[in-house]
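Before any comments, here is the structure.
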Amino acid sequence: MSAITITTAKTLYDKLWDAHLVSQRDDGSSLIYIDRHLLHEVTSPQAFEGLALANREPWRLSANIATPDHNVPTVRKERLEGVSGIKDEVSRLQVKTLDDNCVKFNIAEFTINDVRQGIVHVVGPEQGLVLPGMTVVCGDSHTATHGALGCLAHGIGTSEVEHVLATQCLVQKKSKNMLIRVNGELGAGVTAKDVVLAIIAKIGTAGGTGYAIEFAGEVFENMSMEGRMTVCNMAIEAGARVGMVGVDETTIEYVKGRPFAPTGEQWDQAVEYWNTLHSDEGAHFDAIVELDASDIAPQVSWGTSPEMVVDVTQYVPTLAQAKDEVQAEAWERAYQYMGLEQGQPITDIKLDRIFIGSCTNSRIEDLRSAASVIKGRKVAANVKEAIVVAGSGQVKQQAEQEGLDKLFIEAGFEWREPGCSMCLAMNADKLEPQEHCASTSNRNFEGRQGNGGRTHLVSPAMAAAAALAGHFVDVRSF
């Protein structure tokens, strides 16, 4: 009598979880092995100090890679001075401490003026440090970005950074599975950023809480790796710690030839495994959300939460449109903070600053998209500052080889050095109170880009068009 093998269909998340499960605990949590640990200057100092105080060494040196990004200056003159060019004392100390700790613990680092330096979530995939099938963590909430490569990736806190350094493992509770499927074809001028903003508008910033989100459907099948990274990057803004896309030929072609990617026989073996990294037919999802690509237009956030977003052709919503009292109260506060009126057309919002960059939209595809809009045109007179900040030294280098820097500079943009920049008020790139900024970043919370600053989340193409007009415009007709 032959044995009968019953194979249960699994989601991608389940496959990755099971492949890295070390042990299950009585309290319902599990011990998970971590393949790649990305470090930066803000959440690592206390972790390294904890290691030193306990007289421990990192468990697996090769699994760790560091680069400064949050606090680094983006102005070239200051950048050329290295760490000493950082004006803020605390920021300077954090970057210096990262350098010192990496030397002390023998951890590889792309230092401030290494051409490979950049935003950690741009550098990881770009260098082939993040590969399909990996578990990836970093002391930063936008680590979900790496899920675009078919990884289980999420942010961790400082105490967890120390735990991973010391043990290469992490105690976690398993999430539920959510599938977000977008079928159809995106219209001209509609990008990955618009897709993820539309998703957040639909499910809300708490919609993905407790879930690992897998993005699937024709839109993602046809989307570039850069676009997939943009979408997975903002899974956290939808409430989920994890966002991911199954592996396909687009993934494998992106990874091929990267500096730290496998080669030869190891490459062939890796590809064979990577091709299994997709959800099985019939796999169970605890929640399924569907969108039609033809319904998605260029998006603009109007308020102080990523879910406060509408099509550029629409208006600031009125209180009468609020679904409940809680939402109405949040909208009222947002009207006041943002200096906007109910029913105000989005295209009437005048802008003071433009920021093209961040771990969401600072890759070469993003810069090409923005450059195609501004070519031969000039930034509007009412825009005080428009800056472009590449996500890494290598993205910047490639953009310069393609002549994109000249297009931006001729239009009136500033061409900056790589870093997190104006995404968050932790470096010299900040908004002044009451300034409106069209930003390609991921969060529009109160004070996110500077005390009293007013952030509007958009795609690179929409930000570029807004810079030229001095207010929001529909890039499809610009």
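Any Cβ shown, glycine's included, is placed from N, Cα and C.
Among C359, C437, only C359 appears in Swiss-Prot as part of the [4Fe-4S] cluster site alongside C420, C423.
Around the Cβ of C420 ([4Fe-4S] cluster binding site), the number of neighbouring Cβ atoms within 10 Å comes to 30.
Neighbours of the [4Fe-4S] cluster site: apart from C359, C420, C423, residues of the same chain with C-beta atoms within 8 angstroms of the site's C-beta centroid are D69, H70, I119, H121, H142, G357, S358, T360, S362, G419, S421, L424, S441, N442. Comparing Cβ neighbour counts within 10 Å across the binding-site residues C359, C423, the minimum falls on C359. DSSP classifies C359 ([4Fe-4S] cluster binding site) as coil under the three-state reduction.
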